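Among the features that TrEMBL reports, domain 'Major facilitator superfamily (MFS) profile' is placed at 20-426. As annotated by TrEMBL, transmembrane segment applies to 18-38, 58-78, 85-106, 112-132, 144-166, 186-206, 242-261, 281-301, 313-330, 336-361, 373-390, 402-421.
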Amino acid sequence: MLSAAGGRPETRLSRRRLAVLAVFSCYSLVNAFQWIQYSILSNVFAGFYGVSFTQIDWLSMVYMVAYVPLILPATWLLDACGLRLTALLGAGLNGLGAWLKCASLAPGRYPLTLAAQAVCAVAQVFILGLPSRIASVWFGPTEVSTACAVAVLGNQLGTAIGFLLPPVLVPNTPDDINLMAHNISIMFYGTAIVSTLLFFLTGVVFEEKPKYPPSHSQAVLQTMPPEDYSYKQSIINLFKNIPFVLLLISYGIMTGAFYSVSTLLNQMVVTHYEGEEVNAGRIGLTLVVAGMVGSIICGLWLDYTKTYKQTTLIVYVLSFIGLLVFTFTLDLGYLIVVFVTGGVLGFFMTGYLPLGFEFAVEITYPESEGTSSGLLNASAQIFGIVFTLVQGKLTTDYSPRAGNLFLCAWIFVGIILTALIKSDLRRHNVNSGIMNLDVKAVPVDSPVEPESTTLKIQSAL
């Protein structure tokens, strides 16, 4: 519908948007909880299943391994079949994996619990790329970055609970395997029940899009004929967009480093503080909760200032400093210091996640948010696998300091790449009326009409 003034499409905010955001955040939370629940109890599960620490690490890394080959089919499905079906797949597979874990409650069933975790890993493919899509489709221009931060926050909160709850529910009882199995069953069955409930809520709450677009940039995209869109061309455009490629690598480095630190946190802490599994979980909780605060603050700041590149670069530099401080204070013998440095590290490293999503949407508009976010996450998984394997090897063979210094070197590279990104805020310009004509995603090599008649924003300049 067109408004009376200027022929601009009518935009409204739907009340359902808050319910969509809440349900998504909750099932994303459960998926993240299932990712970290093994790693934070690596010594417990290694003893229970009779396997090595490396095999337990693979229960986390399977999330990263599954993501890489499946992200392109998943983003294609999001574009072809829509938000609702993708959300249902994510929630449904999350519940299925949780129930399969309940069947693995016996020593010797490591292959079954690995298979169950692989199902949860596939669910993650349909979850991680949705925050920026949900924010763009359902939320207005003055709240879109905050909404994306809240959607990412759900995943972070799941990681936080995954650090805190498992060590409390499953204390290390190596002399009583039956008691250990009972305690693990409480965690597994509880997760399965909550996952099933959230699957049904997703079916009730999720719709493809609101009746009215929430922003002018969304209204413009919704007027584009479907035949004008090509998923293959969209991928090509993104990889020809140099600022996006730089962001793709730098985002992968930062987020991969966070995945590695989260996966190996138990081993790092227990190396210097023997028998402190519960406190290792609490340190992980501190790291992620501080990151949740950082995410919300960064989201609010972006909505207020639109300083995407500057904020991203500053947070990147502070993450580098935070990891250096964490590295050189880990072995001082004072757990309170580890809590403080872990919190500072988490505030910046985890707070960076929604920044990357939103910055990517801005510099790649009008390409699909799900595609750009999916590629960012694929980069993060690849770097996460490599970083976890290398840091784990360095931690085992040398010390946690050696593994952390390896990550510091890579984050420094990420700072340089971030500084080279050209900030071209295309979505913001459309919403502000700076670019308010016919906006189309066109191939880089296609001719464009003069700006006086038609404005076509190329996705790679």
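Every residue, even glycine, has its Cβ placed from backbone N, Cα and C.
Tertiary neighbourhood of the transmembrane segment (313-330): same-chain residues 250, 254, 257, 261, 268-269, 272, 294, 298, 337-338, 341-342, 344-345, 347-349, 351-352, 355, 400-401, 404-405, 407-408, 411-412, 414-415, 418-419, selected by CB-CB distance under 8 Å and a gap of 6+ residues from either end. Using a Cβ-Cβ cut-off under 8 Å and counting only residues 6 or more beyond its ends in the same chain, the transmembrane segment (373-390) has close neighbours at 57, 60-61, 63-65, 67-68, 71-72, 74-75, 78, 128-133, 238, 247-249, 251-253, 255-257, 259-260, 263-264, 356-357, 360-361, 403, 406-407, 410.
Nonlocal intrachain contacts for the transmembrane segment (336-361), taken as residues 6+ away from its ends with a CB within less than 8 angstroms of a stretch CB, comprise 131-132, 135-136, 144-145, 148-149, 151-153, 156, 244, 247, 251, 254-255, 257-258, 261, 269, 273, 282-284, 286-295, 297-299, 302, 308-309, 311-312, 315-316, 318-319, 322-323, 325-326, 329-330, 369, 372-373, 376, 421, 427.
Note: the stretches the transmembrane segment (85-106) and the transmembrane segment (402-421) are not in contact (fewer than 3 CB pairs below 8 A, sequence gap of 6 or more). Beyond its flanks by at least six residues, the transmembrane segment (242-261) meets 60, 64, 287, 316, 319, 323, 345, 349-350, 352-353, 356, 359-360, 363-364, 372, 375-377, 379-388, 391-392, 404, 407, 410-411, 413-415, 417-418, 420-424, 460 of its own chain at Cβ-Cβ distances under 8 Å. Within the chain, the transmembrane segment (112-132) has long-range Cβ neighbours (under 8 A, six or more residues past its boundaries) at 24, 27-28, 31, 34-35, 38, 49, 58-59, 62-63, 65-67, 70-71, 74-75, 77-78, 83, 86-87, 89-94, 96-98, 100-101, 103-104, 148, 151-152, 155, 354, 357-358, 360-361, 369-374, 377.
Sequence-distant contacts of the transmembrane segment (18-38) (same chain, at least 6 residues past either end, Cβ-Cβ under 8 Å): 45, 56, 59-60, 63, 87, 90-91, 94, 97-98, 101, 117, 120-121, 123-124, 127, 130-131, 134, 138-139, 147, 150-151, 153-159, 161-163, 165-166, 187, 191, 194-195, 198-199, 201-202, 205-207, 262-263, 284. A Cβ distance under 8 Å defines the sequence-distant neighbours of the transmembrane segment (281-301), meaning residues of its chain 6+ beyond its ends; these are 36, 40, 145-150, 152-153, 156-157, 159-168, 261-262, 265-266, 269, 307, 311, 315, 335, 338-339, 342-355, 358. Averaged across the domain 'Major facilitator superfamily (MFS) profile' (20-426), the predicted model reaches a pLDDT of 85. Using a Cβ-Cβ cut-off under 8 Å and counting only residues 6 or more beyond its ends in the same chain, the transmembrane segment (186-206) has close neighbours at 16, 19-20, 23-24, 26-27, 30, 33-34, 37, 83-84, 87-88, 91-92, 94-95, 98-99, 101-102, 104-105, 165-166, 169-170.
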